[in-house]
Amino acid sequence: MVASSAVNLQSAIQYLGSDINRIKRYLDKFIARAEGAGQDICRAVENGHWEQVVVISHQFKATARMVGAEQLSVLYFELEQAARQQQLQQLTALSAQLSGALDQVKDFSGQMSG
């Protein structure tokens, strides 16, 4: 198993059970959806659509936590808060981190058996 802080496997086990193949399936589904959501968040930030950033970030922070992607969950939380406060500079910086954070989760998933 990969030594990575991108995914806390114990946290995923807590939510999804100990079947590693099941966790990987959920993780892969999350990754596929999160890629599109990340693009949507970046576009919403660029266009000043704060409420859209709030809605997407709120939805994905819980799902990220469920699959053990705790750092990504925190990033979604920070995006949600910054959007609520319409902090453009912070939103721009945070949204730029999404791709790299998701890549770390993808790397973890890619190295899981199943």
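Backbone N, Cα and C atoms are what each Cβ position is placed from, and that goes for glycine too.
The domain 'HPt' feature in TrEMBL is assigned to 19-114. The phosphohistidine annotation in TrEMBL covers HIS58.
Broken down with DSSP, the domain 'HPt' (19-114) shows 83 helix, 0 strand, 13 coil. Around the residue listed as 'phosphohistidine', the same-chain residues at least 6 positions away in sequence with a Cβ under 8 Å from its Cβ are TYR76, GLU80.
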